[in-house]
């Protein structure tokens, strides 16, 4: 941070008014909009292919219908809750400074559009996933021949089931990239040079909804999962997804609202937020070209995602389903790199002096070729995605040493399993963070002495990574679909023998894809947040110039300087690091509280209905679904308020310099924490799978019980707290970007008003403290049986029949 005030300066002019959307660029953006619509058309084709498959037996259909009903009930209630919140934010955005009312109105309207698109992406993922899972199970059932029938071709059956699952993910991937690109291109077409400011609202809408879907879905899924495992596997000794466990339907619902809806919304907002930063910085660094080129790169990604999704066609020579998925990913990445190279050399000029609309004298006078900067920056993002995929796979796959070591540690008990998993998570966080950091720094160096070009290169690296998002979302959705398919098969009892083995193999591949995509999602979040950090710096520079102040150099006010040696900035840095820990703790505590209620409800049903164990009585699945729904929605408020109000409190209390340090602290700590939580949880999960496959005693052994405990600890790590850090970073950066002009306005110049600053800061702090206090007052102990029973009695048993 201190280095940002030395050779890289903002003292030269950065007026952006000269950049315009030329007629040629307008045509290009319109074509990009058509490409986005084409992605939605392809999604429609894939939906028809998936739904054309058979649904299996009546028992399988009944279980699938229960999962569908529970998922719809949860998301419906969540959307109603978030709808009220979105309307409030819509009007609050109108109060923030803007050049004119047209900009203010556009920012607020596109906030709602961003929120709607994010919710649509998540809902679409959930809607199709809960319909395709039974079709995957039905396809696998074909592997077991009926009496008198010849043996089936297991490879062909496995490939059919896998294709259904991956095409489901392809639909979600196409919606993610299609809606993200459509929203951004529409803003550019309507607002032209003002588009970056309006896109801030679009990005905030996408980010807020994604964070709530991530946190809420994560709490729901892991409360049900942990509760089901503790009572079912550990206490009752019954298998996973056993129909006698009242939490199994809620567990399957959670897979969809957490992994499908949550991840889709998460990557959609990464898409939107990265485009926001790239257009803001591109307008300053590349002038007229900067309003179109950041859209060209992800448009190429849409086309290559289509190729990658259809390239995932299993072959007989493949060692596993993962081979086909890796092939699709790398085909998409290679095609993206090649097409971006063509686009760069066709679209961009060969000299910085030929970039129209750039008023920064230093950029116009710079030697070198802007095409090289653009090409290398995008390549860094694409290569980073591939490296993160391999690194995450190393620490989480069952065939690699880290997971095998955790599996071996199960021979000495649960404590050593937990310790080994923590060790793997901590170590993997270092390597992943260094890899992401090198990627960001490598892109930054491309700018030379120009801070604006350096920051734009970081944003372009983010757009390069986004070229793989379509396939990444497909890979992630594949996981819960295959997991749910296995659950439906086990609960129905209609898929046995070879068919059950097909689903077991698919589930193992799905666990790996989920772990890998979490790593890449973290990388996209960090690059997006880093690019937004650059946009934030540009915003405070512009705001400071408007009130006649300088950001750096002699005479610059202390709390405008991005200098870590200043006490207020150091406090901001520490606060940014601390908020990540608080956010993670709140998320894990929420799972613990909800899981406690689930545990006591499932225990109550086993105690009061002994016929459940011999199948003479039916568990009340709906009660557990409703407990998870109510708890997840109740727990949303505190993390959400923390993410939005903490930057406001820091900014209005300590100034924009400290707020910049706060963002830097959050990005650094958030990167390490997110990777640690995701990889340790993924490693514990696959260590359990390793033992269940027959190693170290297999199912029912003491080693298996130890790995179940490790997996239970890892569940809220990898599926609640870890993934929720991604949108947290982007929400805080966007809030800082939006409030920066207001902080400067009330701190300097004619509108300086200390009273307003203090009032806003105190109000924000009081709300945060109050929300955390209320959250902490709720019982955290799993043994709080009275609290669990109160929750149980208030549950509505009619959610799922």
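Every residue, even glycine, has its Cβ placed from backbone N, Cα and C.
Since this is a predicted model, take the numbers as computed values, not measurements.
The substrate binding site annotation in Swiss-Prot covers 222, 718 and rests on similarity to another entry. Annotation note: residue 718 (substrate binding site) sits in a helical segment as assigned by DSSP.
Within its own chain, residue 225 (Mg(2+) 1 binding site) has 251, 254, 715, 719 as residues 6 or more apart in sequence whose C-beta sits under 8 angstroms from its own. Residues or ranges marked as Mg(2+) 1 binding site by Swiss-Prot: 225, 229.
The Mg(2+) 2 binding site annotation in Swiss-Prot covers 252, 255, 483. Under the three-state DSSP scheme, residue 255 (Mg(2+) 2 binding site) falls in the helix class. Under 8 Å, Cβ to Cβ, and six or more positions away along its own chain, residue 255 (Mg(2+) 2 binding site) finds 221, 480, 483, 484, 487.
Annotation comment: Swiss-Prot describes 685, 711, 715 as Ca(2+) binding site, evidence class similarity to another entry. Taken residue by residue with DSSP, residue 711 (Ca(2+) binding site) is part of a helix. Using a 10 Å radius centred on the Cβ of residue 711 (Ca(2+) binding site) and all shown protein chains, the other Cβ atoms total 25.
Per Swiss-Prot, site 'Important for ion transport' is recorded for 214 (among others), and the stated evidence type is similarity to another entry. Classification of residue 214 (site 'Important for ion transport') by DSSP places it within a helix.
Swiss-Prot lists 259 (among others) with the feature site 'Important for ion transport'. With a 10 A radius on its CB, residue 259 (site 'Important for ion transport') counts 30 other CB atoms from all the protein chains.
Taken from Swiss-Prot, the feature site 'Important for ion transport' covers 266 (among others), and the record attributes it to similarity to another entry. Listed in sequence order, 210, 213, 214, 521, 525, 723, 726, 727 are the same-chain residues six or more apart from residue 266 (site 'Important for ion transport') with CB atoms under 8 A from its CB.
Residues annotated as site 'Determinant of potassium independence' in Swiss-Prot: 514. Neighbour list (residue 514 (site 'Determinant of potassium independence'), Cβ cut-off 8 Å, at least 6 residues apart, same chain): 259, 476, 479, 480, 682.
Over all protein chains present, the Cβ of residue 719 (site 'Important for ion transport') has 31 other Cβ atoms lying within 10 Å. Among the features that Swiss-Prot reports, site 'Important for ion transport' is placed at 719 (among others), with the record citing similarity to another entry.
The site 'Important for ion transport' annotation in Swiss-Prot covers 730 (among others) and is backed by similarity to another entry. Taking a C-beta cut-off of under 8 Å and a sequence gap of six or more, residue 730 (site 'Important for ion transport') has these contacts in its own chain: 203, 207, 269, 270, 273, 525, 528, 529, 532. Following the DSSP three-state reduction, the secondary structure of residue 730 (site 'Important for ion transport') is helix.
Feature annotation from Swiss-Prot assigns transmembrane segment to 81-101 (among others); the stated evidence is sequence analysis.
Nonlocal intrachain contacts for the transmembrane segment (109-129), taken as residues 6+ away from its ends with a CB within less than 8 angstroms of a stretch CB, comprise 43, 47, 50, 71, 75, 79, 82, 86, 89-90, 93, 168, 171-172, 175-176, 179-180, 182-183, 187, 198-199, 201-210, 213, 256-257, 260-265, 268-269, 272, 473, 477, 480-481, 484. Taken from Swiss-Prot, the feature transmembrane segment covers 109-129 (among others).
Annotation source Swiss-Prot lists transmembrane segment at 170-190 (among others), citing sequence analysis. Sequence-distant contacts of the transmembrane segment (170-190) (same chain, at least 6 residues past either end, Cβ-Cβ under 8 Å): 21, 26, 29-30, 32-33, 35-40, 42-43, 46-47, 50, 106, 110, 113-114, 117, 120-121, 124-125, 128-129, 198-199, 202, 206, 260, 264, 267-268, 271-272, 275, 279, 291-292, 295, 298-299, 301-302, 305-306, 309, 466, 469-474, 477.
According to Swiss-Prot, the transmembrane segment annotation covers 292-312 (among others).
Away from its own ends, the transmembrane segment (406-426) comes close to residues 395, 675-681, 683-684, 687, 690-691, 695-696, 702-707, 709-710, 713-714, 717 of its chain (Cβ-Cβ under 8 Å, at least six residues beyond either end). Annotated transmembrane segment per Swiss-Prot: 406-426 (among others), in sequence order.
According to Swiss-Prot, the feature transmembrane segment maps to 429-449 (among others), an assignment based on sequence analysis. Beyond the transmembrane segment (429-449), the same-chain residues lying 6 or more positions past its ends with a Cβ under 8 Å from any Cβ of the stretch are 7-8, 362, 366, 368, 373, 376-377, 380-381, 383-384, 387-388, 391-392, 455-458, 460-461, 519, 522-523, 526-527, 530, 671-673, 675-676, 679.
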If you skip the near sequence neighbours and keep only those at least six away, which residues in the chain come within under 8 angstroms of residue 229 (Mg(2+) 1 binding site), Cβ to Cβ? 240, 708, 711, 712, 715
Sequence-distant residues near the transmembrane segment (292-312) by C-beta distance (under 8 Å, 6 or more away from its ends) are 21, 25, 28-29, 31-32, 35-36, 38-39, 42, 46, 163, 166-167, 169-170, 173-174, 177-178, 180-181, 184-185, 188, 271, 275, 278-279, 282, 286, 324-325, 327-329, 331-333, 335-336, 339-340, 343, 347-348, 374, 378, 459-460, 463-464, 466-471, 474
Kindly assign residue 266 (site 'Important for ion transport') to one of the three DSSP-derived states: helix, strand or coil. helix
Do the transmembrane segment (571-591) and the transmembrane segment (724-744) share at least 3 Cβ pairs under 8 Å, sequence separation 6 or more? yes
Which residues in the same chain, at least 6 apart in sequence, have a Cβ under 8 Å from the Cβ of residue 222 (substrate binding site)? 254, 258, 591, 595, 715, 716, 719, 720
Take the Cβ of residue 718 (substrate binding site) and count every other Cβ within 10 Å, whichever protein chain it belongs to. 26
Rounded Cα separation (Å) that holds between residue 252 (Mg(2+) 2 binding site) and residue 718 (substrate binding site): 17
